[in-house]
Amino acid sequence: MMQPIKKIAILTGGGDCPGLNAVIRAVTRTAILKYGYEVIGYKFGYRGLYNNDFVKLDLDSVSGILHRGGTILHSSNKDNLFDYQVEDENGKIVKKDVSDVGVENLKKEGVDALVVIGGDGTLTSARDFSRKGVNVIGVPKTIDNDLLATDVTFGFNTATEIATEALDRLHTTAESHHRIMLLEVMGRNAGWIALESGIAGSADVILLPEIPYDINKIVEKVKEREEAGKQFTIIVVAEGAKPKDGEVVVSKIVDDSPDPIRLGGIANKLAIDLEGLIKNHEIRSTVLGHIQRGGNTSTYDRILSTKYGVKAVELINSNLFGNMVALKGNKVSYESLENVIGHTKNVDPEGELVNTAKSIGISFAD
C-alpha cells in the first residue's frame with residue numbers, strides 16, 4: 001500500500017519559457033490548499049537536486065508570479081545526473097552517473113513525489129528517475145511545441161504572439177523603404193513558431209525545417225510581388241531551416257551540454273545569398289532570439305500552465321506516477337513518460353496549416 005503523500009518537490013529544467021512560473025504557482029497552491037502537502041523547489045533544475053539546494057515554497061513565495069516569464073527556481077540545460085560532469089581523484093573532469101545522489105537527497109528531505117517541468121531532455125531524466133523508483137510527474141515545456149504526446153506545450157502561444165508582433169512591426173519599415181526583411185525565429189527541428197506567426201503576421205515566405213527551400217523560389221516570389229506593385233517582401237525563417245541539398249547553419253558548439261549543437265544565423269546567411277541574386281532591394285535580417293522566451297506570459301499560456309500544474313498534483317494524489325500531463329483536445333489528461341520520450345511533433349508539409357498558408361499565397365520556396 002502506498003504511503004500517504006506529505007511532501008512534494010518541483011524543479012524546472014532546460015531553457016526558460018513563458019509559463020514556468022504559472023506552473024510552479026499552480027502546483028504549489030493546489031498542493032497546499034487542496035491537499036495540505038508541503039512543497040519545496042530545487043534550484044537550477046537537476047543541479048539543485050544533486051547539490052540538495054532547494055527553497056521552501058508557500059503561498060507567499062508564489063504570489064505575484066503568474067504573469068512573469070522565466071522561473072523563480074532558475075534552470076539549467078547542462079545538468080543530466082545520469083551523465084554528469086564531476087572531478088575524479090586526479091582532478092580530471094569526467095562524466096559519471098550520479099543519479100543515486102539525487103535519489104538519496106529526495107529521501108533525506110522526505111520528498112514523496114517530484115514534479116519535473118521541462119522539455120524532451122529534462123523529461124528523459126524524469127523517466128529515468130521513475131525507473132529508479134522515484135515518484136515522478138512530468139509537465140511538458142517547450143516554446144517549439146514539438147512534443148508529440150500533447151497537443152500544445154505552454155510557452156508556444158506566447159512565443160508565437162511575440163513573433164507575430166515582430167512581423168507586424170517589420171511590415172511598416174519594410175514597406176517604407178522597399179526592403180526585403182527576414183525574421184529568424186526559434187524552431188530547431190519543428191517550424192511551428194515560424195508557420196503560425198508567418199500566417200498570423202502576413203509573411204510572404206515561410207521557411208521551415210520540414211520543407212527544404214530553393215533560394216530561386218524566393219527570388220521568384222519577390223519578382224511576383226514586384227509585378228503586383230508590392231515593393232517589399234517579408235520572410236520568416238525557422239532557425240533549423242535549410243536549403244535543398246544543404247545544411248543547417250550552426251552558430252556554435254557547447255561542449256559541456258547534452259545538446260551541444262546550437263543553431264542560428266540562417267537569416268543573415270540567406271540575406272547575403274539573396275543580395276547576389278536581387279539587385280534592386282535592400283535586404284535586412286533580424287534575429288528574434290531569446291526575446292521569444294522572455295517577458296510576460298500570454299493569457300492562453302497562463303491558463304494552460306495553471307491547468308497543467310493542477311493536473312500534476314491531482315496525478316500525485318491519485319498515485320499515478322511515471323506520467324506526464326498532456327493536453328488532448330480541450331481536456332488535460334496524461335501520458336506515460338515511457339511513451340513520450342523521443343517522439344517529436346513536426347509540421348506536416350501536406351497538413352492543414354501549410355495548405356492554409358499556400359491557399360492565401362504564402363510561399364514555402366519548395
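Placed from the backbone N, Cα and C atoms, the Cβ positions cover glycine too.
According to Swiss-Prot:
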type: BINDING; residues: G15, K78, D79, G119, D120, G121, T122; note: ATP binding site
type: BINDING; residues: D120; note: Mg(2+) binding site
type: SITE; residues: G121; note: site 'Important for substrate specificity'
type: BINDING; residues: T142, I143, D144, R179, M186, G187, R188, E239, R284, H290, I291, Q292, R293; note: substrate binding site
type: ACT_SITE; residues: D144; note: active site, proton acceptor
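Among the binding-site residues K78, D79, G121, T122, not one has a Cα within 10 Å of the Cα of T142 (substrate binding site).
All protein chains shown were included, and the count of other CB atoms within 10 Å of the CB of G121 (ATP binding site) stands at 19. Of all the binding-site residues listed here (D79, D120, D144), it is D120 whose C-beta has the fewest other C-beta atoms within 10 angstroms. Per the record's binding annotation for ATP, residues G15, K78, D79, G119, D120, G121, T122 show a top Cα-Cα distance of 13 Å. Note: the CA-CA distance between K78 (ATP binding site) and R188 (substrate binding site) rounds to 18 Å. Whole-number maximum of the Cα to Cα distances across the substrate-binding residues T142, I143, D144, R179, M186, G187, R188, E239, R284, H290, I291, Q292, R293: 33 angstrom. Annotation note: R284 (substrate binding site) sits in a strand segment as assigned by DSSP. Taking Cβ-Cβ distances under 8 Å and a sequence separation of 6 or more, the neighbours of R284 (substrate binding site) in its chain are R179, I180, M181, L182, A271. Sequence-distant contacts (6 or more apart, same chain, Cβ under 8 Å) of R293 (substrate binding site) comprise G15, D16, C17, P18, G69, I143, G155, A159. It is 11 Å from the Cα atom of D120 (ATP binding site) to that of D144 (substrate binding site). Note: the Cα of D144 (substrate binding site) and the Cα of G119 (ATP binding site) are spaced 10 Å from each other.
Note: the Cα of T122 (ATP binding site) and the Cα of R188 (substrate binding site) are spaced 17 Å from each other.
Taking each of the binding-site residues M186, I291 in turn and counting other Cβ atoms within 10 Å of its Cβ gives the largest count for M186.
In the three-state DSSP scheme, I291 (substrate binding site) falls into the helix class. Recorded residues G119 (ATP binding site) and R188 (substrate binding site) have their alpha carbons 13 Å apart, per Cα-Cα distance.
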